[in-house]
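S.K.: Dumping the structure here so I can ask a few things about it.
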Amino acid sequence: MEKPSSGANHVAKATVSLSIASVLILGAVLTMLSIQLDEAHERLQNRMGSFKFVARNIWHDIVLVKSNGRIKRQYGGYGSDSAQSDNQQCTSCVQLRCPPGPIGPPGVSGEPGMDGANGRPGKPGLDGLDVPLDPEPAFPCVICPAGPPGTRGPQGEVGRPGQTGESGHPGLPGRPGKPGRVGDAGPQGEPGEQGEPGIKGPPGDDSIGGTGIKGPPGPPGPRGPKGPPGSNGLPSQNSGPPGPIGEMGPPGPPGPRGEPGPPGPFGPPGDSGEPGGHCPSSCGVQEIVAPSVSELDTNDEPEKPARGGYSGGGYGKK
């Protein structure tokens, strides 16, 4: 227990010794500075006296020159001025109008002066008056009107694609088309039945004997029956030309419902809306009772409102 106390004593003694030494050194430095300042002040006073003496002699010389006189200057120290004071009297003084010299450089800033004494304390003021606070008036319940609509809010995310809708009702029959162009001539028909023999005509003229000219070919006869199929042809490596395009068949039945497509990309964010207004009121919270979004069944067909009002699943205010 004695070791810590002895160490603290040594530290305290060293601190006191350093403090005393610092005070002594500071006192010695201040004394030396004061002596040096006194010596500098004395030298400055001596130089100022010499300067005034030289300036006075120069002034006397200027006065003598202006008065057409001249005197021999004698610089014999401070005592020579009294010996020549009678000869240097100005008999006809002339007022000199010398131009002012240039402005000298600014002097060294002086030391700040001592702080002034504190002013007299002011008179005490009047006592304040107690102002009773009026109780807040009980305002009636006022429902503030809705504020102006804000600006358009940010663009929401792209919703999921809806389900495929049911097929629509069959459309109305179309208008009759325009008459087409005249078709090509059809094939020649079959010869008609043989007619009854006619009345015997009058006898003809006598013919000249000989061989007559061959007459024109008669009309083609009727189409004969289908012949038997011929023998198979020789195999060929080249395929024949494509056949003609057949007529379009009737439309087929509707196909099965396809799978829902992938979700679309997110849309760009919209403009920020204006901040909504605020109406402080102590009438409770105005609530809107409506079914939750999670409770709505998007798969079922929405009910059609009854005639003269809304369906039972509408909105209501509380």
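Even glycines carry a Cβ here, placed using N, Cα and C.
Sharing the feature lines straight out of Swiss-Prot:
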- 187-204: compositional bias 'Low complexity' (COMPBIAS)
- 216-228: compositional bias 'Pro residues' (COMPBIAS)
- 250-268: compositional bias 'Pro residues' (COMPBIAS)
- 309-318: compositional bias 'Gly residues' (COMPBIAS)
- 101-130: region 'Triple-helical region' (REGION)
- 101-318: region 'Disordered' (REGION)
- 147-206: region 'Triple-helical region' (REGION)
- 209-235: region 'Triple-helical region' (REGION)
- 240-278: region 'Triple-helical region' (REGION)
S.K.: What is the three-state DSSP composition of the region 'Triple-helical region' (101-130), stated as helix, strand and coil residue counts?
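M.R.: Breakdown, helix to coil: 0 helix, 0 strand, 30 coil.
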S.K.: For the region 'Triple-helical region' (240-278), report the average pLDDT of the model, please.
M.R.: 82
S.K.: List the helix, strand and coil residue totals of the compositional bias 'Low complexity' (187-204) as derived from DSSP.
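M.R.: Once the DSSP states are binned, the compositional bias 'Low complexity' (187-204) shows 0 helix, 0 strand, 18 coil.
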